[in-house]
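To start, the structure itself, in structure tokens.
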2 protein chains.
Amino acid sequence: MKLTILGCYAATPRTITNPTSQVLEMNGHMFLIDAGEGTQVQLRRRKLKFQRINHIFISHLHGDHFYGLIGLVSTFMLLNRQADLHIYGPKGIKEVILLQLRLSNSFTGYKLFFHELTSKESEVVFEDDKVVVRTIPLDHRVYTNGYLFESKPGDRRLRIGAIEDLGIDRCYYQKIKNGGDITLEDGTVVKNSDITYDPDPTESYAFCSDTCYSEQIVPIIKDVKVLYHESTFLDSEEHYTEKTKHCTAKEAAKIATLANAGTLILGHYSTRYSDITLFKKEAETVFKGNILNGDDGAVFNL
Amino acid sequence: MKLTILGCYAATPRTITNPTSQVLEMNGHMFLIDAGEGTQVQLRRRKLKFQRINHIFISHLHGDHFYGLIGLVSTFMLLNRQADLHIYGPKGIKEVILLQLRLSNSFTGYKLFFHELTSKESEVVFEDDKVVVRTIPLDHRVYTNGYLFESKPGDRRLRIGAIEDLGIDRCYYQKIKNGGDITLEDGTVVKNSDITYDPDPTESYAFCSDTCYSEQIVPIIKDVKVLYHESTFLDSEEHYTEKTKHCTAKEAAKIATLANAGTLILGHYSTRYSDITLFKKEAETVFKGNILNGDDGAVFNL
């Protein structure tokens with residue numbers, strides 16, 4: 001699981017910071033999460049093969065999370081993309097993208113699927129044999145969802161030495177990987193646990209931005225391996241959180257603690273702060289797990 | 001008259017080039033012309049006091065000319081702008097901006113005026129006592145206008161020495177600046193031309209992008225001081241101009257010649273070319289006036 005943060009600052013893009021967008025690579029997928037203005041340039045800057053992106057998840061329709069989407073959709077068109085593209089986001093996202101394509105008399109050569117969200121309950125929005133993605137309803141000024149990405153358990157791993165010693169034929173290998181016991185020719189039953197190791201551990205990543213402090217998300221993200229949680233403010237600006245519906249670093253850390261997260265990544269910093277390490281310092285007073293400062297261009301192998 | 005080119009490359013923004021946007025400063029105005037994705041960041045990069053922009057002129061609704069507009073409108077809002085903002089562009093521009101503001105539940109604290117254009121004839125779209133701006137209907141794949149910016153002649157300039165020698169009272173100065181003759185107490189009539197110089201010369205700037213080769217624009221831009229004309233292709237790709245409705249550098253130079261332009265600025269280069277000086281070289285074979293290579297970040301004091 002690899003996370004590339006293209007941008008993680010709040011509000012307006014500047015020469016030194018970018019609005020929210022990140023790329024999550026998991027089990028062969030390359031997912032784009034949010035797409036603030038300039039996302040396509042950041043994808044190029046980070047040398048990501050962004051034509052591999054087939055699924056884009058938009059949290060909410062504030063500009064710093066989606067104004068770069070139409071540019072990316074258009075660029076895919078100019079690059080003669082053929083693969084389907086799926087866009088998940090709040091109701092209205094289809095209208096705004098299609099209106100802009102229509103006004104420019106443009107037609108994508110690839111199929112564009114919109115999955116518009118309206119539910120206030122967590123729901124599965126994407127699933128295949130490797131990954132499942134579900135929404136995390138957040139509490140912000142407009143309808144907003146975070147997203148929980150979970151890899152599915154793979155096959156059990158063969159203990160080749162033991163299997164060969166028992167003279168088990170290769171034609172049974174998939175049955176063994178699937179967890180099945182084996183009956184030898186002499187009638188002996190070999191337990192699966194004696195000839196396999198557990199599958200590789202599953203991975204999970206929760207993206208939670210933008211939101212005010214909300215314990216309602218804890219059951220959804222319980223035991224998540226990696227939690228990205230917005231931390232727009234430091235404690236000294238805690239009085240802004242109620243009106244803006246954002247969080248402090250300590251509040252993000254409290255959610256990470258309640259959820260028993262393995263790692264907390266902080267981001268969506270207000271541009272008023274020049275030293276983002278202060279966010280980590282404040283979060284460390286609350287959360288005792290691993291804490292990382294998200295930053296533009298940061299690549300985390302998780 | 002000062003022109004700052006924020007971006008002058010065709011199609012998709014890249015790490016090294018920006019789509020079309022430029023700032024024209026004329027007679028105290030700061031006009032923004034087109035607004036491709038990333039315009040607000042380029043305005044910051046060039047250290048322009050962009051809150052002074054009160055009039056934005058959009059040529060057409062292809063993404064590389066207006067996807068940065070909504071971000072700028074939003075940033076003005078976040079910066080608590082109070083001054084009115086006027087946006088000129090093809091019909092549809094109001095719907096796409098207001099839809100995005102509505103979806104984000106945002107309201108600008110400043111008044112936003114849309115001047116939607118549909119005419120295929122040149123028309124005055126802005127005029128005050130210092131400047132007049134009129135459209136230049138262009139021929140592109142979608143409805144497109146260039147814009148002609150002309151400063152108005154100022155007052156005649158006083159020859160202070162001659163006026164004082166004649167003992168003319170200060171209360172007549174504005175009359176003299178306006179071109180009036182003066183009758184002295186002894187009945188002598190002093191001709192205005194004997195006590196004034198001509199006003200400062202007027203300035204004019206024509207922005208023509210995107211368009212195919214079109215001689216129909218020549219009467220509108222006749223004798224323009226500075227012409228920015230798109231030159232998407234070199235001669236070797238001339239065969240692309242018909243389908244894409246763009247121009248070669250030589251075609252831009254031919255329009256400059258027919259219009260008797262003082263200076264030709266080239267731009268809107270296809271990103272397939274790595275050496276933009278070739279555009280100037282090709283244009284020089286046709287146009288004998290001054291030719292400048294537009295480039296991102298170029299500042300021309302004209």
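Every residue gets a Cβ built from N, Cα and C, even glycine.
If you check TrEMBL, you get these features:
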type	residues	note
ACT_SITE	B:Asp64	active site, proton acceptor
BINDING	B:His60, B:His62, B:His140, B:Asp210	Zn(2+) 1 binding site
BINDING	B:Asp64, B:His65, B:Asp210, B:His268	Zn(2+) 2 binding site
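Known features from TrEMBL, placed on the structure.
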residue: B:His60; record: Zn(2+) 1 binding site; contacts (Cβ under 8 Å, 6+ apart): B:Phe66, B:Gly89, B:Pro90, B:Leu138, B:His140, B:Val142, B:Tyr143, B:Thr144, B:Asn145, B:Asp210
residue: B:His62; record: Zn(2+) 1 binding site; contacts (Cβ under 8 Å, 6+ apart): B:Arg141, B:Val142, B:Asp210
residue: B:Asp64; record: active site, proton acceptor; contacts (Cβ under 8 Å, 6+ apart): B:Ala10, B:Ala11, B:Thr12, B:Pro13, B:Pro19, B:Thr20, B:Gly36, B:Glu37
residue: B:His65; record: Zn(2+) 2 binding site; contacts (Cβ under 8 Å, 6+ apart): B:Pro19, B:Thr20, B:Asp34, B:Ala35, B:Gly36, B:Ile58, B:Ser59, B:Ser209, B:Asp210
residue: B:His268; record: Zn(2+) 2 binding site; contacts (Cβ under 8 Å, 6+ apart): B:Cys8, B:Tyr9, B:Ala10, B:Thr20, B:Ser209, B:Asp210, B:Glu230, B:Ser231, B:Thr232, B:His246
*asked:* Run a quick check on B:His140, B:Asp210, B:His268: which of these binding-site residues have any Cβ-Cβ distance to chain A under 8 Å?
replied: none
*What other residues of this chain sit with their CB within 8 A of the center of the CB atoms of B:His60, B:His62, B:His140, B:Asp210, the recorded Zn(2+) 1 site?*
B:Ser59, B:Leu61, B:His65, B:Leu138, B:Arg141, B:Val142, B:Thr144, B:Ser209, B:Thr211, B:Lys245
*asked:* Can you name every residue in this chain, apart from B:Asp64, B:His65, B:Asp210, B:His268, with its Cβ inside 8 Å of the center of the Cβ atoms of the recorded Zn(2+) 2 site?
replied: B:Ala10, B:Ala11, B:Pro19, B:Thr20, B:Asp34, B:Gly36, B:Ser59, B:His60, B:His62, B:Ser209, B:Glu230
*So of B:His140, B:Asp210, which of the binding-site residues has the fewest other Cβ atoms within 10 Å around its own Cβ?*
B:His140
